[in-house]
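Student: Pulled the feature table from Swiss-Prot, pasting it below:
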- T133: active site (ACT_SITE)
- E135: active site, nucleophile (ACT_SITE)
- Y157: active site, nucleophile (ACT_SITE)
- 9-14, 64-65, 86-90, Y101, K161, H187, R192: NADP(+) binding site (BINDING)
Amino acid sequence: MKKKALITGVTGQDGSYLAEFLLAKGYEVHGIKRRASSFNTQRVDHIYQDPHVDNASFILHYGDLTDSSNLTRILQEVKPDEVYNLGAQSHVAVSFESPEYTADVDAMGTLRLLEAIRLLGLEKTTKFYQASTSELYGLVQETPQKETTPFYPRSPYAVAKMYAYWIVVNYRESYGMYACNGILFNHESPRRGETFVTRKITRGLANIAQGLEKCLYMGNMDALRDWGHAKDYVRMQWMMLQQDQPEDFVIATGVQYSVRQFIEWSAKELGVTLTFEGQGVDEKGIVTAIEGDKAPALKVGDVVVQIDPRYFRPAEVETLLGDPSKAKQKLGWTPEITVQEMCAEMVMEDLKVAQRHALLKLHGHDVPVSVE
């Protein structure tokens, strides 16, 4: 019998990579996607299987973390061996604008899943993975951050995720469920949402290089982050559910860099050298050298990075650096893709899209505008 996995957030970055990973291991993979007026399955279209075909291994269900009856029905139908709760309102800035919705999805959504598993009598047979977040550490109390570091959340998103973290621990201890938290530090890929900072950088600079945009507007470029590749991190998520006993783990690389450095690497992949001048809101990124033919729209002296105060958070998280030593010692997990390799991959994918759009624009066609 194939193992069955249920993934919430299957159409997102992590969900799509995890679905690929589990399918390669012979799982029957069920994913929950939200109803929308337009298709939102681009990240999983390449693994789509016709549900009318016998023995389909990848099945999508309409669902929502805000609807307990819906979640209960799906769990009752699938009876999964493993549940990966990756669905969330995961944008920190958006959580300040929509705090109640963020709490309903990220905090209560986790509770709804756990309670449905318990009420259906699956608590002894279904393993549960919760995608937790390094944003729990917020105003960091120690560096690097490990599993025992105290939490100090600094956004409605982080507060909602803290509730989810502790309700997972509570159900594990109260009902003997195999339920665990993976405290994920920042992880990226070409499938990262376009409004997240790394993808905003790679997509924005690729568009600027092709003449589709004029400038990349940033917030806090001094912020320090521990970045890894989503492919490495979903492998760790699976490993966490293959142990005899459930435990919580930090998932990180143990190395940190600034947002400014990520901008510099991205520009370099386009053959562009940037120099930053000025301080605070007056800081600018200026082109000082160009090599190759990947940035035909740029010339030396162009200002391509500026600060927009709108992108500063109400409460900043200045530094995040994970300590993955427990994951390495207990599970043998180490990341295989470096942050520089990941950055190069992201830039090249966004450059391909920008080049196509530039060609369309040249021939008089409309092209998509950038999103903030």
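Glycine is no exception: its Cβ is also placed from the backbone N, Cα and C atoms.
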Student: Using DSSP reduced to three states, classify T133 (active site) as helix, strand or coil.
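Tutor: Strand, per DSSP.
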Student: Would you please pick out, from the recorded positions D64, E135, the one with the fewest other Cβ atoms within 10 Å of its Cβ?
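Tutor: Minimum Cβ neighbour count within 10 Å, taken over the recorded positions D64, E135, occurs at D64.
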Student: Can you tell which of the binding-site residues (G9, G87) has the fewest other C-beta atoms within 10 angstroms of its C-beta?
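Tutor: Counting other Cβ atoms within 10 Å of each of the binding-site residues G9, G87 gives the minimum at G9.
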Student: Considering only the binding-site residues G9, G12, H187, which residue has the minimal Cα-Cα separation from E135 (active site, nucleophile)?
Tutor: H187
Student: Can you name the residues of this chain that are 6 or more positions from Y157 (active site, nucleophile) yet have a C-beta less than 8 Å from its C-beta?
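Tutor: Correct list: Q89, S90, H91, V92, V94, S95, T102, D106, T133, E135.
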Student: What number of additional C-beta atoms lies within 10 angstroms of the C-beta atom of H187 (NADP(+) binding site)?
Tutor: 27
Student: For G12 (NADP(+) binding site), which residues in the same chain are close in space, meaning a Cβ under 8 Å from its Cβ, but six or more apart along the sequence?
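Tutor: Expected: R43, L86, G87, S90, R191, G193.
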Student: Looking only at DSSP and grouping its letters into three states, which state does H187 (NADP(+) binding site) belong to?
Tutor: strand
Student: Pick the one among the recorded positions S90, T133 whose Cβ has the fewest other Cβ atoms within 10 Å in this structure.
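Tutor: Looking at the recorded positions S90, T133, the Cβ with the fewest others within 10 Å is that of S90.
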